[in-house]
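Engineer: Sequence annotations record features per position, and here TrEMBL assigns compositional bias 'Basic and acidic residues' to 81-96, 107-138, 145-157. Feature annotation from TrEMBL assigns region 'Disordered' to 74-158.
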Amino acid sequence: MILSHDTVLMFLRLSEDQQKSKQEKINALNERDLIVEERNGLQRDNEIALTERDGERQEKERAQVELNRAQVELNRTQNELNRERSEKDQQKRRADSAQVELNRANAQKEREKLEKERAQFELNRERTEKDQQKRRADSAQVELNRAKTQIDQEKQRTNNAEELTRIFQSQVETTQSEVTRLTSEVRRLNQVLQIRETVPSTPKAQLKQTPVPTPKPKQAILQVTSSAQAITVNLRVPSGISGHKDANRFNHDNTLANCTISTDPIISEGIVYYESVFENHDNQGFAVGIADSSVVFKPNYGPEANEN
């Protein structure tokens, strides 16, 4: 049988198409196998990741268990340390208590010894005083009379000092009020003068006066002199006194000790105002007075004491 050329070509095409279709199917199967293999690989990776995560979780749980065990051990050790420290403290307190009891017993023995010595001394002194009783009585009467005289003199000096202080304080308050008034007037006039210098003068111009507040005097401070020039204050502090000075300020170091100081300037008449600050004399006697320039005060004594 002889086939025509067209038939052969058609047969070849058909064979070629079949081969191509077969190859495509093979390729599709290969691609499917690759996809399946990739999916299986991903699944294996997921399983490995899950396994690793489970392993990490188990490691964390084991680490937490170890940490808890270590914390329990630490707490137990801390409790042991606290118990030992408490026992040591108790032993120390018992030792201190025993030492206190021993010291108390020794002190009691010393007191008994001192009492015996004091009793013997009193006995000897009474024996000696029996021979001197009359002479001591006369001496006591003389001392009593002298003490009464001294008390009367002290009372007189105290009254004189209080009167001088009251008069001086009254003069200070009166002159202080006048100085304050004059200071306010000077300030007011200066303000008026400044306003007149800055504002043109017209027949209808009226200046508004601004009231100047009166300055309040500082506590325990005497104001500056009313003269035009300031006065330099010199605190004359005796050597060894319980206090120290800083410029025109005096600080009392020991509030239980008396402090008497004098201040310059020295005046012969009139009243001079100056500034001086006295600190740390709260709840103690405090007074201001006038003294002669020749007076020299001794440390740690009041102005009315015999030492001054």
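Heads up, the Cβ atoms here are built off N, Cα and C, so glycines get one too.
What TrEMBL says about a protein is an automatic prediction, not a curated fact.
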Engineer: Helix, strand, coil residue numbers for the compositional bias 'Basic and acidic residues' (107-138) per DSSP?
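Structural biologist: Output for the compositional bias 'Basic and acidic residues' (107-138) reads 32 helix, 0 strand, 0 coil.
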Engineer: Can you count helix, strand and coil residues in the compositional bias 'Basic and acidic residues' (81-96) using DSSP?
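Structural biologist: Secondary-structure breakdown of the compositional bias 'Basic and acidic residues' (81-96): 16 helix, 0 strand, 0 coil.
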Engineer: With DSSP, how much of the compositional bias 'Basic and acidic residues' (145-157) is helix, how much strand and how much coil, in residues?
Structural biologist: 13 helix, 0 strand, 0 coil
